[in-house]
């Protein structure tokens, strides 16, 4: 392995004290040292100048003892560092090359603090003198270099700041010159479309230019009356904005049109930006096995950085970073917590299950909400966890076993046929459910950050297909609840979509088709649902529904509505006869008209060649004339 370096022991570099006595050592050491040019030091120059001054004064003709102070004083001439001593032809130093003595005029040798004269330098070896010269030269050069480097750094910083100021000034000048955003011409737009379609691999669109164009377009639309371009309509700006946003954020034109109908333009930009960032990782504490405080301490000891989710949740924790896989810790395998999004906790909180109740989770996979219901019920009562996909039920069974849920029954049925198939079980055996949770399948427009494919693979047919399925499921969920329940009779409908067709339209449809009413969800935050959207008007009670967005609540997009069922009767069979009964009061002869065509048909079968009597035709025409005003 070799010897280890001991920092306490310092190696000797250069000759020591004993080397001065060993005169032959410098010859051997000179082989290993680089050749050094002989240069006269400043100190020797001063000594030579002083010596020359003494000789010149001695020849000047002064004979008395006061020659030192009688000599005329001359201005000091400070030679440069590189000046050498110049001798005249007779061996004397020239007068211009020397500088005056110190003010006291003493020509004695300089003594150091210990009383040693400077002449001792002559005893130093040539190697030591060369080393001293090198250190002195390096010191001077290092100081000069450091000063030069500082000056260069200052100049560079000044240049950078100057460039930034110039760029800012250029931008400000450009903004001042081009105060109004100008729409590109049709030729430019067509050219960009051609480049985008045919030269996509080689020349992709410049996203920076598109982003700047979106900002400028937004500024014009916010103050359209002042900043708009003459001859351009608002629709031109909106069309260009939708096209640019589709190119910059990679959305389909259909989905962007839907989002522009829901959000104002500034909020739409925030929503699109929020979908590009993943939502924070959240976990739910399983209080059937541990407490949140104990779980947080155990995870912190394992290197997990976390905080409580919020004041609205007593079991949630948000995880910022972790040195261990958060889904493979011993606590996770022991069932102490469940990886679950923050928005998935809200429907169960709105449902508010009570102990010893019968609860149906109609679309339960992967089991996060089902286990949360069991946790709030403290493993009492009964939970029927149903899902139409048998493969997804495997994860439900695994999570329920891991989390220690013992009051759940797992079933694989179609939720739309649930009341018909399980009618005997519901009403004769169980007496109906007290509460039902319906997390309906949807288009997933609220979880684009998890599934970016939603940006382009959804169209109008997908939205309408999901809405139709949701209408069937919500009627089935309402029919499964017993309105006579002492503690329940509630239905919670939720989706991870923000489309109005899948949320408010479905809720308004359920209010018309069943004896239910909307009640408060019990959630203190969230935006109210729409009571009007474009040309449609919904029931005013839809204000009690709640919407959650990623750009405002930092969680997945979600919609929650809570119903209260007040009658088990289905009103659909009662509304149609009521409309028909109101008609005879205006036209009393309409009741007698129904059997007459049957008699006429029977007569036509018996006597095909005979024509019906004319009085019957007159009576029919009179009745038709009476019906016409009613239709208008």
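Cβ coordinates are placed from backbone N, Cα and C, and glycine is handled just like the others.
A TrEMBL annotation is a machine prediction, not a hand-curated record.
In the shown protein chains, 14 other C-beta atoms lie within 10 A of the C-beta of residue 414 (S-adenosyl-L-methionine binding site). Residues annotated as S-adenosyl-L-methionine binding site in TrEMBL: 363, 364, 365, 366, 367, 368, 369, 387, 414, 439.
The feature compositional bias 'Basic residues' is assigned by TrEMBL to 10-22 (among others).
The feature compositional bias 'Polar residues' is assigned by TrEMBL to 53-64.
Look at TrEMBL and you will find 92-112 (among others) tagged as compositional bias 'Acidic residues'.
The feature compositional bias 'Acidic residues' is assigned by TrEMBL to 142-154 (among others).
Here TrEMBL flags 155-166 (among others) as compositional bias 'Basic and acidic residues'.
The compositional bias 'Basic and acidic residues' annotation in TrEMBL covers 596-610 (among others).
Per TrEMBL, compositional bias 'Basic residues' is recorded for 617-632 (among others).
Residues or ranges marked as domain 'SAM-dependent MTase RsmB/NOP-type' by TrEMBL: 271-566.
Residues or ranges marked as region 'Disordered' by TrEMBL: 1-170 (among others).
According to TrEMBL, the region 'Disordered' annotation covers 588-632 (among others).
Within 10 Å of the C-beta of residue 363 (S-adenosyl-L-methionine binding site) there are 20 other C-beta atoms, taking all protein chains into account. Annotation for residue 369 (S-adenosyl-L-methionine binding site): same-chain Cβ neighbours under 8 Å, separated by at least 6 residues, are 344, 347, 348, 361, 437, 439. The Cβ neighbour count for residue 365 (S-adenosyl-L-methionine binding site), using a 10 Å radius and every protein chain shown, is 22. For residue 367 (S-adenosyl-L-methionine binding site), the same-chain residues lying six or more positions away in sequence with a CB closer than 8 A to its CB are 385, 395, 396, 397, 398, 399, 400. Whole-number maximum of the Cα to Cα distances across the S-adenosyl-L-methionine-binding residues 363, 364, 365, 366, 367, 368, 369, 387, 414, 439: 20 angstrom.
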